[in-house]
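See below for the structure under consideration.
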Amino acid sequence: MKSEDVKLGIERAPHRSLLRALGLNTESFQKPFIGIVNSFTEVVPGHIHLRRISEAVKEGINAAGGVGFEFNTIAVCDGIAMNHAGMKYSLPSREIIANTVEIMAMAHAFDGLVFIPNCDKVVPGMLMAACRLNIPSIFVSGGPMLAGRLRKNDQVSCVDLNSVFEAVGQVAKGQMTEEELLELEKVACPGCGSCAGMFTANTMNCLTEALGMALPGNGTIPAVDSRRTQLAKDTGRQILKLIKDNTCPKDIITPDAIYNAFSLDVALGGSTNSVLHVMAVAHEAGADFSLEEINRVSDTTPNLCKLRPSGPYHIENLDQAGGIGSVLKELKPWLKNDARTVSGKTIGQMADAAPKADNKVIRFASNPYSPKGGLAILFGNLAPSGSVVKRSAVAPEMMVHRGPARIFDSEELATKAIMGGKIIPGDVLVIRYEGPKGGPGMREMLTPTSLLAGMGLDKEVALITDGRFSGATRGAAMGHVSPEAAARGPIAALQDGDMINIDIHNYKLSVELSDEEIQKRLANVPAFKPKITSGYLKYYTENVTSASTGAVFKD
């Protein structure tokens, strides 16, 4: 066992003395040492309850004959960080999370790790750490929040955080009063858990099942459900089996597992952020996977779910309909069914054991919402290295669009223009210098897209950015445009009035300019000056790579 580095031999007497100070005894030194990577914090609703999950994990570890050691890492709430300087730190926190786990695991010689994430950057940050360390590891998330209930005119509707973001646009347009907004604000987030729709956090928690790194139910069992506690206990027991068999993350997260994750992703209509994160996980796992391959997956995999923000259902409905296992059951003809999982079963065996889909929340594969999946990677002279769109959340009339560019060099300027009624039907908003380097930190443009949707413009206006979008975004929103403006990508050459062509059906994103004109304009673009020149974001700006490669650090 790796933990023998700190507990065996006379030269380790000082180490054992320190361990005894923690309450361990001689018998404890014969057992595997397991790190429990918690991301509990009182700041994030999705993480406020993770101490309870951790205690259940410890029960499972103890029952199976291990010794658990809990330690923490950071977690950012993207909703609270949204639309101010804090959002510059959200994506960069992913690398910090991976690094802190690496430091703790290597410094203390754990034999295995149980990861307890929940929200957006925590899941991929921990997956990256698991692959980097490559010691037996397993995940159990905190679970999704229940949808809120809003009573209006004797009718009760289900609402969530995205309802509040979009309501701000309705207030700005005079379609909702501030008093009505306050009532919505009070009920939209009723308790602990990751925000209730198929937003980024829940996308990543569901994909963790498809990657093979979590037990069935991880993606959908609600945070407040007693089954979540039982799942945590089972996870604690299972890590001992993984240690015994020396099953490590790189045995599980293979190119086939990445393929399965994207197959599930496009079937669910998951967040565009999943592309960024799964590519980063693949990088750490040494599992090569290209953006073009995502299109091939999406071209042949049906879209089976319309979950918020793309449709009316929440994660609790997905759970009631059979959960991720039932989606995988419908997807079995498209999966790499021999891919391994931490359960000891293959992904195909997990699918076989799941209940049949309900053909409502989870459509039968023979009756999909669309024969093509929910994500698309667009290429063209505006995005030579690619851009990402959630096509399952795009109105049919916006799948092909031609319109004049309206250029904004920051999210704040674009938001001001939208709130001021300066954007008209047909426009293509371009928000640039918001990429990994340019932001820095590749902020999410949820406020602009929510305002457009709340004002009813999401079926008439497109938005293009080298930044990111929230998983709660809907509409014709193309993000991750690469190369970014700060790297002198073509998006930096755009001027107001340039005609932009969007063809999601054919994966095209282009501007009606010749290559010569683009290069001529780029030659006159001033050299990019980093916006932040001190602290962690200075280091991040200097070391982060393109969104097309997952915005990982330089090797």
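Any Cβ shown, glycine's included, is placed from N, Cα and C.
Note that the structure is a prediction, hence the values are computed from the model and not measured.
Annotated features in Swiss-Prot:
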type	residues	note
BINDING	Asp78, Asp120, Lys121, Glu444	Mg(2+) binding site
BINDING	Cys119, Cys195	[2Fe-2S] cluster binding site
MOD_RES	Lys121	N6-carboxylysine
ACT_SITE	Ser470	active site, proton acceptor
Among Asp120, Cys195, Glu444, i.e. the binding-site residues, the one with its Cα nearest that of Ser470 (active site, proton acceptor) is Glu444
If you measure Asp78 (Mg(2+) binding site) to Cys195 ([2Fe-2S] cluster binding site) at Cα, how many Å is it?
10
Once Asp78, Asp120, Lys121, Glu444 are set aside, which residues in the chain still have Cβ within 8 Å of the Cβ centroid of the Mg(2+) site?
Val76, Ala81, Met87, Ser90, Leu91, Cys119, Thr200, Ala201, Asn273, Ser470
State the count of C-beta atoms found within 10 angstroms of the C-beta of Glu444 (Mg(2+) binding site), not counting that atom itself.
31
Determine the Cβ neighbour count for Lys121 (Mg(2+) binding site): the number of other Cβ atoms within 10 Å of its Cβ.
29
Please list, in sequence order, the residues in the chain of Cys195 ([2Fe-2S] cluster binding site) that are at least six apart in sequence and whose C-beta is under 8 Å away from its C-beta.
Pro45, Gly46, Gly79, Pro144, Met145, Asp160, Leu161, Asn162, Cys189, Ala201, Asn202, Ala472
Taking all protein chains shown into account, the Cβ-based neighbour count within 10 Å for Asp120 (Mg(2+) binding site) is 34
Give the distance between the Cα atoms of Cys119 ([2Fe-2S] cluster binding site) and Glu444 (Mg(2+) binding site), rounded to the nearest whole Å.
15
Have a look around Cys119 ([2Fe-2S] cluster binding site) and count the other CB atoms within 10 A of its CB, chains all included.
29
